[in-house]
Amino acid sequence: MSEPEIKVGKTSSALFDRAPMAPSMPGGRASSSHGLSVTDDIDARIWERIKDHPCFSEXAHHYFARMHXXVAPACNIQCNYCNRKYDCTNESCPXVASVKLTPDQALRKVLAVASKVPELSVIXVAGPGDACYDWRKTVATFEGVAREIPDMKLCISTNGLALPDHVDELADMNIDHVTITINMVDPEIGAKIYPWIIHGHRRYTGIAAAGILHERQMLGLELLTKRGILTKINSVMIPGVNDTHLVEVNRWIRDRGAFMHNVVPLISKPSHGTYYGLTGQRCPEPFELKALQDCLDGNIKLMRHCQQCRADAIGLLGDDREREFALDQISTKVEFDTSKREAYRKLVQHERGDQLAAKLDANKAVKSLGSSGTLAVAVATKGGGRINEHFGQARELQVYAVSLKGINLVGHXXVEQYCLGGIGEKATLDHTIVALDGIDILLSSKIGDCPKKRLAETGVRASDA
């Protein structure tokens with residue numbers, strides 16, 4: 001019997017539409033994918049736990065999708081960068097959802113998505129409030145998913161205030177991945193970020209509130225580490241508030257066993273209705289974010305591919321499909337078909353084998369050149385270790401360091417799409433040029449003469465692969 005046809009995001013069942021990055025680039029150098037198998041800094045046991053999780057593995061986010069079930073609207077803290085919205089379809093940032101779901105509605109939606117999105121590997125509760133504070137709804141949702149799709153990964157995102165009360169239950173439910181947002185370890189700084197919290201049926205403000213939050217976050221992280229649960233720490237970079245302080249946050253979480261640190265830029269616009277947005281708090285520039293990430297690199301694994309997802313996000317990172325699954329368009333009885341999901345997993349396994357072979361060949365080719373120095377190479381890719389994205393359509397670029405040590409993925413550069421029908425192209429390209437500071441070579445499937453010339457003027461050699 002033939003295997004079912006698989007649709008992969010915007011690509012076909014071939015997964016990706018070009019051959020793996022070949023061991024040749026301008027100047028005779030090579031490019032390859034990194035992290036497609038057991039990497040140098042992750043042992044085999046950890047790799048097995050993260051290889052299908054798009055947020056905990058950079059390699060996985062090209063193959064696997066996540067779904068956030070927006071079942072937890074209640075929250076126990078107020079953040080100056082957050083305005084929880086439950087009926088918003090336009091904004092793309094955390095704490096925003098188009099509709100609140102009951103656990104039963106969420107399960108129906110999960111089954112519908114899993115039937116049509118074979119890449120789906122993770123169901124998370126990330127709000128729009130707090131998963132641990134709105135605990136009964138979170139648990140009811142996870143129990144339903146575990147019953148219907150036993151091999152689906154479950155994870156939560158939390159501010160950490162109520163987390164210590166539920167670590168044992170998380171472990172009992174086989175939840176292996178938890179994200180905590182930690183923006184400070186100094187209550188004086190925390191008071192500038194959090195105006196109030198609710199804890200023990202009491203409302204606290206100012207430094208007292210931030211002090212309680214800090215203690216609970218550290219306790220929760222320590223308890224998760226003791227239970228062997230992988231923890232990712234999200235930190236919002238707020239210029240002039242906690243930007244330099246995040247170095248200290250990084251040290252604290254590393255010492256308490258966090259697996260990964262994800263530093264994301266503040267999203268702050270007046271239209272969002274947040275305190276920071278209304279008071280004019282600026283967002284960090286791309287070069288400021290990169291400088292901070294580079295400063296932290298080496299202390300702990302860094303996530304550099306975060307898309308700062310909505311509380312109801314569905315699909316591959318950067319390719320949200322939530323609007324395809326409006327609740328009123330989903331049948332009251334959904335038949336979940338596992339065949340497409342199983343076939344897709346086989347394709348990914350084969351693809352990863354090809355990528356590992358290509359990586360080994362490319363590293364050999366680079367080392368045989370014998371030249372010294374390191375090249376920084378940015379690649380426009382839809383994933384799979386292939387140069388298959390038009391420069392003007394790219395939302396992010398993978399950055400590789402190419403040297404005698406081999407080819408290693410060192411980060412991501414978030415960029416805006418350049419091809420917008422002639423609207424704002426110059427401003428967008430200016431932003432991209434800033435993001436490409438320090439890059440020697442840009443590889444894409446196609447690039448126009450105008451952006452190629454502008455990049456050349458800044459010292460970036462652009463090539464159509």
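Just so it is clear, glycine is given a Cβ too, placed from its N, Cα and C backbone atoms.
Among I46, I229, I233, the residue that Swiss-Prot places alongside Y81, G129, T181 at the S-adenosyl-L-methionine binding site is I233. Cα of G129 (S-adenosyl-L-methionine binding site) to Cα of C82 ([4Fe-4S] cluster 1 binding site): a distance of 10 Å.
For the binding-site residues shown (C75, C82, C306, C309), fewest C-beta neighbours within 10 angstroms: C306.
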